[in-house]
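In what follows, a structure is listed as structure tokens, so that the remarks can point back to it.
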Amino acid sequence: MIRIGDAPGVRRLLIGVALVLTALFLLLPLVAIFAQALMGGIDLYWQNLSDRYTLAAIGLTLLVTLLTVPINLVFGIFLAWLVTRFTFPGRRLLQTLIDIPFAVSPVVAGLVYLLLYGRNGWLGGWLDGYDIQIMFAWPGIVLVTIFVTCPFVARELIPLMQAQGAREEEAAVTLGASGWTIFRRVTLPNIRHALLYGVILTNARAVGEFGAVSVVAGAIRGQTNTLPLQVEQLYQDYNTVGAFTSASLLALLALLTLAAKAALEWRAARRESLA
Amino acid sequence: MIAATLRRQASRRVLPGFGLSLGVTLTFVSLILLLPLISLVGQLSQLSLSQYWFLISDPRILASYRVTLLAAAVAALFNAAFGLLMAWVLVRYEFPGKRLVDALMDLPFALPTAVAGVTLATLYSSQGWVGRWLETLGLPIAYTWVGIALAMAFTSIPFVVRTVQPILEDLPSEVDEAAVTLGARDGHAFRRVILPHLWPALVTGTGLAFVRSLGEFGAVIFIAGGKPFETEITSLMIFVKLQEYDYAGAAAVASIVLATSLALLLVINLWQGRFIRRLHGGGA
């Protein structure tokens, strides 16, 4: 069988160019992060890592992620169930709405929250009367992170659940199963992988969100700095090694994300070839 | 009345959970998505039309639109070529390390944009590994629009690769065979036979890369350097206005950014929908 571009010369040329470009554009920055972080030796790396403000930033990032991921997980499942198992007026509109966070610039996302919950905002002024501060504090950071990551889980689930159809679940209903049982015994096993994938993506973005968070965080050192903001602040202070120490943690997490994603895809491909 | 209609419809539904999932979803969408977006409209409604026009047509802001559009266009075109090449190589050829390269394509999505930003700024500064070389060749990257385009290109690499890749995988080998047996040369056959199949995915991926680049902030600001009229992107202008507590100005410029990206997204979706309908002969 002859295919286009299978001549050895063409093949070698294209693979060569692709590898060189990948090395330059993707691998080199990755290597640079760890090289810069370890430039001052491993002792300085540990010293930077155990800095009070860096530890506070790690703590805040963990808090934001721990709140964001479960909330978006639950919402994503409900939304996917709603739009793939029922027809109702406005279904298309709902599906379009949920894509908005992907199209909105993160700075604009931060801005609209600031307008709503800021001191002069509708809700902000009212909450201020009860001494509840959302902006320039951790609740605001959590809210904008939920906003920018809310489509991930739903986007993974909707096409899959649409393709699978509702026949198995309907069969379960006729056998008298309750809603919760149907979800746990029928739906969940079928969507497990897509759900996990959505969670991995949500998690990666929640940890790394910068633009939206930097608008609502107010840059209070040691209090409202997430890890990406800490990277920026140290970099602006000309503490390059310190900035890249925090950056290396985030890069490590990115590599874990890629590995988890590759593992999931590999398992899915293997199941497909067995079936 | 609407509630009654919905209830009547729900009673005919076989599966449980309609009311619960509708309630949860609507509450979430209203609180997280709609309410904040409406607050932008609320802020804008306090401006007169001439005030609004004055805010969005300030010369420095106009320059930022130009820089942002130019850099995003260059980044999207670069990724159209690079993404197509990567998709082709990953689908058609076998080589050592292929799985690794495939996984690496998603790095820009997994890596926080601020990390990408400081890394690119460090690499391409006049003291950086790459910047040092390019500087001697008379090609400064950092603090120019080229640097902005580079940062935008980095963050949007996966879009083209991941939209073209599955289409290429599904392309039957008969397509190749027909072209080759008819005696077409590689380049010609690719252009006339393969490209028409990939075209919709390529345009969609490039469009998404463009939209993403327009809104990119974290990756760009470090390498941009923020020279007024030269290397300021629109997102940065919004950010600067917010730090000066100019909420009205920030909201006005943000409305332009928001409207542009929503319009582009709509065009991409409609175009893609039309293509899918043509492909499957109606329905969908």
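Backbone N, Cα and C define each Cβ position, glycine as well.
As the structure is a computational prediction, the values presented were derived from the model and not from experiment.
Pulled from TrEMBL:
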| type | residues | note |
| --- | --- | --- |
| DOMAIN | A:58-262 | domain 'ABC transmembrane type-1' |
| TRANSMEM | A:12-35 | transmembrane segment |
| TRANSMEM | A:55-84 | transmembrane segment |
| TRANSMEM | A:96-116 | transmembrane segment |
| TRANSMEM | A:136-154 | transmembrane segment |
| TRANSMEM | A:194-220 | transmembrane segment |
| TRANSMEM | A:240-264 | transmembrane segment |
Does the transmembrane segment (A:12-35) reach the transmembrane segment (A:240-264) with at least 3 CB pairs under 8 A, where each pair is 6 or more residues apart?
yes
Among A:55-84, A:96-116, A:240-264, which stretch has the highest count of C-beta pairs below 8 Å with the transmembrane segment (A:136-154)?
A:55-84
Selected stretch (most C-beta pairs under 8 A with the transmembrane segment (A:240-264)) from A:55-84, A:96-116, A:194-220:
A:194-220
Mind checking which residues reach the transmembrane segment (A:96-116)? Cβ under 8 Å, same chain, six or more beyond either end.
79, 122-124, 135, 140, 143-144, 147-151, 154-155, 209-216
With Cβ-Cβ distances below 8 Å as the criterion, list the same-chain residues six or more beyond the ends of the transmembrane segment (A:194-220) that contact it, or say none.
61, 64-65, 68-69, 72-73, 76-77, 105-107, 109-111, 113-114, 135-137, 140-141, 143-145, 147-149, 152-157, 160, 188, 226-229, 232-233, 250, 253-254, 257, 260-261, 264
